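K.L.:
The feature S-diacylglycerol cysteine is assigned by Swiss-Prot to Cys22, with sequence analysis given as support. What Swiss-Prot records for 1-21 is signal peptide, and it gives sequence analysis as the kind of evidence. Marked as topological domain 'Periplasmic' by Swiss-Prot: 22-104. Summarising the annotation, Swiss-Prot assigns topological domain 'Cytoplasmic' to 126-133 and lists a curator's inference as the type of evidence. If you look up Swiss-Prot, you'll see 105-125 marked as transmembrane segment, on the strength of experimental evidence.
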Amino acid sequence: MKLKKTCIAITVAVGVISLSGCSTASALSGLLSDSPDVTAQVGAENTKQLAGVTAKADDKREVKVSDSNIGKIDSSVKKSVEVSTIQANTVNAESITVTKSGSWYDPVVCWILVFIVLLLFYFLIRKHEKKEA
């Protein structure tokens with residue numbers, strides 16, 4: 001009887017946790033900023049720009065620019081930039097993608113884990129009831 005009450009309490013607790021949300025990103029949302037990641041495809045590699053530090057090798061390429069009022073161009077392919085906002089008048093790139101952190105598989109994994117825990121408790125209760133009978 002004591003095991004059954006414990007299993008019911010754990011099942012209710014798991015249900016409350018699963019209904020309140022169990023995203024892996026939500027646990028750190030208070031510590032991290034809510035700004036989206038910005039990815040700009042300019043060359044052969046995507047460069048993520050967000051608030052944080054990443055370590056990448058800096059590979060330089062020679063670029064010749066004509067008819068431009070830009071004095072100096074940093075043409076590195078694997079450049080890591082730390083920014084919190086991006087402001088530009090004109091951006092010329094092959095593609096620019098702005099994404100917000102979070103994915104569809106976090107809730108799916110959470111629900112699968114809840115289902116497995118509920119199945120384990122069900123079989124544990126059945127095994128305990130068979131021993132008592």
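Cβ coordinates come from backbone N, Cα and C, glycine included.
Help me see these features in their spatial surroundings.
P.N.:
Mean model confidence of the topological domain 'Periplasmic' (22-104) amounts to 57 (pLDDT, 0 to 100 scale).
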K.L.:
If you run through the topological domain 'Cytoplasmic' (126-133) with DSSP, how many residues end up as helix, strand and coil?
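P.N.:
Taking each residue of the topological domain 'Cytoplasmic' (126-133) in turn, the totals are 7 helix, 0 strand, 1 coil.
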K.L.:
Are there residues at least 6 beyond the ends of the topological domain 'Cytoplasmic' (126-133) whose Cβ is under 8 Å from a Cβ of it, and what are they?
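P.N.:
Residues 3-4 contact the topological domain 'Cytoplasmic' (126-133) from elsewhere in the chain.
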